[in-house]
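Peer 1: First the structure, then my questions, so here it is.
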Amino acid sequence: MSTKKAVCSVAPLALRIVAECPVSKARACDLRLPHCTVNTPVFMPVGTQGTMKGITVDQLEDLGCQICLGNTYHLGMRPGPELIEKVNGLHGFMNWKRNLLTDSGGFQMVSLVELSEVSEEGVRFRSPYDGKEILLTPEQSIAIQNSLGSDIMMQLDDVVSSTVTGPRVEEAMKRSIRWLDRCIAANKNPDRQNLFAIIQGGLNAELRKACLDEMTKRDVPGFAIGGLSGGEEKDDFWKMVTLSTDHLPREKPRYLMGVGYAVDLVVCVALGCDMFDCVFPTRTARFGSALVPWGSLQIKQKQFAKDFQPIDPDCQCATCRRHSRTYLHALFKTDTAAMHHITIHNIAYQLTLMRSVRQSIIEQRFPEFVRQFMRRMFPLREQYPAWAVEALASVNITLD
Amino acid sequence: MKLELSRIVQGCRLGVLTGLGKTGQHSLEIPGCLLYTRCATVPHLTQDTLHTLNSLPSVTQIAVDTLAEHHEVLAEFKEGVRKFAGLHDTVLYCSLHDPATPCPPGHITNKTVSVWGSGGRIELTAQRFMALQTVLRPDWYQCMADGETWPTNTSRKRVRKAVDRTLAHLDECLLLHHKSPELKEAEVFGAIEGGDILEERVRSARETAKRPVGGFVLDGFRSDAMDQEVRGQLIAAVTAELPAEKPRLLQGVGRPDEVISCVEAGVDLFESFFPYQVTERGCALCFSFTISPDPEAAGTRRSKVLESNGEKPDADADADAAAIEVPGESGATSPENMTRFEMDLKDKKYREDFRPLVDGCTCYCCKNHNRAYVHHLLVTNELLAGVLLMLHNTAHYLGFFSALRGALVSDRLQDFKKRVLQ
Ligand SMILES: [Zn+2]
Ligand SMILES: [Zn+2]
């Protein structure tokens, strides 16, 4: 693999590796993007429709969030790219001063819209809003993302469920490569917007490898590992992740799509991933689930009705500094602010976790951090998920 | 607590309540409003977002309705609802009912009243009501009252009974109040009842005024149950009976035009559930209240508020895009109840309107966002819509009260009325 080519001079992105774990594949980087530098490993909260679930952009900034997601499919439908372009893109529309990443829209289409149909041209589907038939091509996905003005755009890929096997997986992988070329050619703003390729290939190591070989030939600013986190066995999942990072260029950011559970984050950092996103922490917050280092608290449950502690006594978020479990439990019956409190806490939890991970990598004590993290999350050794133990062992982190 | 009246203009009382709070550190200007909460939280807002608002009222309203179900927890907590809810340093006023969620009638007895929380009806005797107050530990609280005189055709007999019961509750509560060390610093507000019967209103006022109360709650005047003309006359008759040095708080009235009339009838304090209701129907307050500093130019100069403000409610507004699921039913939050003081941001015409909600408004929403964005949040049912609208509507409403006081100071009430009612 050519490493010379990997330093991309024109891309509006620069990755500086701050520290690498001498034991595992974990790394801490500074990813310079157009709106600010992102410290990795990073968790990116998902603000689907140009808003972070009841949290203001100032609150999100105060939480230390440096990059968040918007969904091309949703924003392309409502309010539409033309409108967003008029207000200087999604940054202007939602008044977010830091970085944005947008997906291609393909995943939502396949997962949310019935009767979507994929051909070489693109994804054809019926709009759930007005019933009109729409064709999303790689060119259109990029055109919408160019209108949104995100700092990182994702290529349109041919998404197949990670549990699908057979020739469809290969077809999707190969088509994704062809679509990557079309996306690269369609990007109007290569000086302002980074286009990431998405590695496909399902759970088939050979196909993954083939996809990696082809895609890494392209001079894209970064790579995502796609097609995972869709209900496959964890044993298959981590093997595909580690295979991917083994073959991705060291100088470019690696984004593992759709991963956000704390254990998965820590393990996949060990496997060499830099960026993660997931709707889980914010979605689960709205159902009253607060994330803590030892799992989660279902605040709506009766056991918290008279629990006067904060969600996590060690958490420094605005919610934990002011509110008790009992009050949040009570408020959940009356007002949406209860959801906002837990959303704030959960985002704080994810971002704090990643900051701690980064700090431990910089201080060259990441393996010890992982061991502590696992001890806290699982009180008994028997509770350690076998896949996580195995995945960590594969990068020389042994759990006690 | 001390009420210093600086002037009375056409019946309107201008002044300041001082010495409020545990150490007397707070004051509240009148005419003014309280900060509205549900379960001791300003709807949709966290403390961070709430405090983007300038000059919050120093008194926050809580209601027995949304707190009675937490009695046991509060009793165990022992430190009062302010600390329980993580509220800021604020004076607390506890009313019996949540003004935005009217209670179903037919549950009042001689000895009890009922409140409705998330788990349904809770029946309170005076004993239980007072036990709840001792765990809530408000600075002011409305005495238990029978306010069920609002249904149309309530008989004279029923109205008289409401007055009698309320006075009996007051006596019983005062007795318990003076025995309670937790409520030593608290002020009881006596409720004036009497429906729409003048003699009963006067009787209720006179009798309540004889008791050692800190202030008065004018109950049973809700916007939807009485014409403003009748309300104004009754309130004027009531306030004539009340001692000048104690505050009068009117429950259930929030519309700007009605507020002005009621201030003229001698009311000092209002609740601020109105901006909440406007928020729940996906609307933004946009009425003008700024009068130019030069009296000569009053009424001729263009207001700072955009021209499209004060538009007529749009009949074919996108009614199904209700902003937020409202906990508890309240008709007032449905789109049909839109008033001429607000704009329906769900309306398609705001889709590409990149102006702030109200030009010149300094609230967080108007400084950072525009109509098109809030419209988008509303049509996509996003939670941030409620946050931004609540911030704007509260700011606008507080601005209205501040401008009202300004108009009284500068003897410009007529110009102010003209501006608001235009
Ligand atoms: Zn927290
Ligand atoms: Zn505003």
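Here the Cβ of each residue, glycine as well, is placed from N, Cα and C on the backbone.
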Peer 1: According to TrEMBL, region 'Disordered' applies to one of these ranges: B:99-120, B:297-318. Which one is it?
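Peer 2: Spelled out, TrEMBL records region 'Disordered' over residues B:297-318, not the other listed ranges.
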Peer 1: Looking at the Zn(2+) binding annotation from TrEMBL, with B:Cys361, B:Cys363, B:Cys366 already listed, which candidate in B:His178, B:His376, B:His392 is the matching residue?
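Peer 2: Of the residues offered, the record points to B:His392.
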Peer 1: Give the three-state DSSP assignment (helix, strand or coil) for B:Cys366 (Zn(2+) binding site).
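Peer 2: In three-state terms, B:Cys366 (Zn(2+) binding site) counts as helix.
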Peer 1: Helix, strand or coil at B:Cys361 (Zn(2+) binding site), per DSSP?
Peer 2: coil
Peer 1: For B:His392 (Zn(2+) binding site), which DSSP three-state class applies?
Peer 2: helix
Peer 1: Taking the Cβ of B:Cys361 (Zn(2+) binding site) as the centre, count every other Cβ atom within 10 Å, in any protein chain shown.
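Peer 2: B:Cys361 (Zn(2+) binding site) is surrounded by 21 other Cβ atoms within 10 Å.
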